Amino acid sequence: MRKYFKERDVPFIIFLMGPTASGKTSVVIELKKQKLGIKIISVDSALVYKNMNIGTAKPSVDELEIAPHQLIDIRDPADCYSVSDFYHDAILEINKIIRSGYVPVLVGGTMLYFKTLLTGLYQLPGKSQNIRNDLIYEAQKIGWVNMYNKLKCIDPIVSKTIHCNDHKRIIRALEVFLSSGKTLTELKQKFLNQQSQRYKVLQFALMPSKREFLYNRIEQRFYKMLKSGFEDEVRLLFSRPDLHDGYQSSISCVGYRQMWEYLSGNVEYDQMIYKGIYATRRLVKNQLTWLKKWPNVHWLNGDNVLIAVNDMLSVLSKYSCVI
């Protein structure tokens with residue numbers, strides 16, 4: 001018997017976040033086995049690329065058969081894929097899933113993507129060269145310290161996020177106010193109010209009990225990728241002339257960048273392994289830093305998949321879920 005989610009005036013979406021190698025794919029596979037009325041959207045800046053399967057730990061063919069993921073294999077490695085691209089693609093998929101009567105589950109570890117889904121990409125007034133010129137002239141007369149103090153008076157909240165020496169952002173914040181009559185804070189709050197009315201977001205995050213446990217898993221996974229043909233996968237990419245101009249975000253992905261250095265002759269094989277594992281650990285540290293500051297999260301056991309799934313189902317049952 002399939003489990004459905006009750007309809008609401010504001011539709012549900014679910015976030016399943018977690019650091020690299022925390023078991024997110026395993027959890028979402030088990031969720032799908034529960035016959036919930038859900039569909040999966042990947043929130044991963046590396047999984048969007050085709051022909052990059054091993055180094056990204058992309059879900060296997062069998063796993064995708066159980067739990068198909070949207071936004072996987074949608075770009076060639078030579079293509080750029082920005083936060084804005086993800087936001088628009090994800091909103092499109094979210095709305096399609098909701099219209100089909102299912103609940104979107106967004107799973108991944110690219111925390112900036114998740115943040116953008118919560119805050120949105122709000123439109124700011126266009127640049128006015130006349131206003132900018134006037135502001136720059138004023139700054140030359142009264143000094144940047146006084147320009148920063150002026151911003152503090154106009155928009156104290158935004159001024160706290162801008163360094164007093166960041167002249168470009170000071171000018172932009174003042175320009176927005178002079179051209180629109182609204183501060184950046186006011187414009188953002190108006191947009192967030194509109195965003196909050198679109199979806200009810202339930203947020204879950206996998207958190208390992210010990211970081212060392214996760215680091216050991218990372219090391220084991222990196223060696224497993226090497227045995228599975230990671231070097232050959234990157235060699236195929238390396239053979240493409242269009243991937244050598246240094247601008248592709250795909251080749252900057254953790255693991256790929258280090259293997260690329262090895263194939264370029266810049267590091268030895270053992271150095272590549274060390275740097276790959278180290279870079280992955282730094283990525284995980286960054287992800288955990290994001291998560292520890294993340295508001296309104298239901299924390300899940302990161303050491304046991306079944307416990308995590310049961311805890312998640314328990315929370316969902318309180319909000320929306322019936323058999």
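Every residue gets a Cβ built from N, Cα and C, even glycine.
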Of 36-39, 44-47, 92-95, 116-119, the range Swiss-Prot labels region 'Interaction with substrate tRNA': 44-47
Pro19 (ATP binding site) to Arg132 (site 'Interaction with substrate tRNA') - Cα separation in whole Å: 42
Residues flanking the substrate site, with Cβ no more than 8 Å from the Cβ centroid of Thr20, Ala21, Ser22, Gly23, Lys24, Thr25 and excluding those residues themselves: Gly18, Pro19, Ser26, Ala57, Gly109, Leu206
Rounded distance in angstrom between the Cα atoms of Thr110 (site 'Interaction with substrate tRNA') and Arg132 (site 'Interaction with substrate tRNA'): 35
Rounded inter-Cα distance in Å - Gly18 (ATP binding site), Arg132 (site 'Interaction with substrate tRNA'): 42
Recorded positions (Thr20, Ser22, Thr25, Thr110), the one with most neighbouring Cβ atoms at 10 Å: Ser22
Distance [Cα-Cα, Å, rounded] between Lys24 (ATP binding site) and Arg132 (site 'Interaction with substrate tRNA'): 47
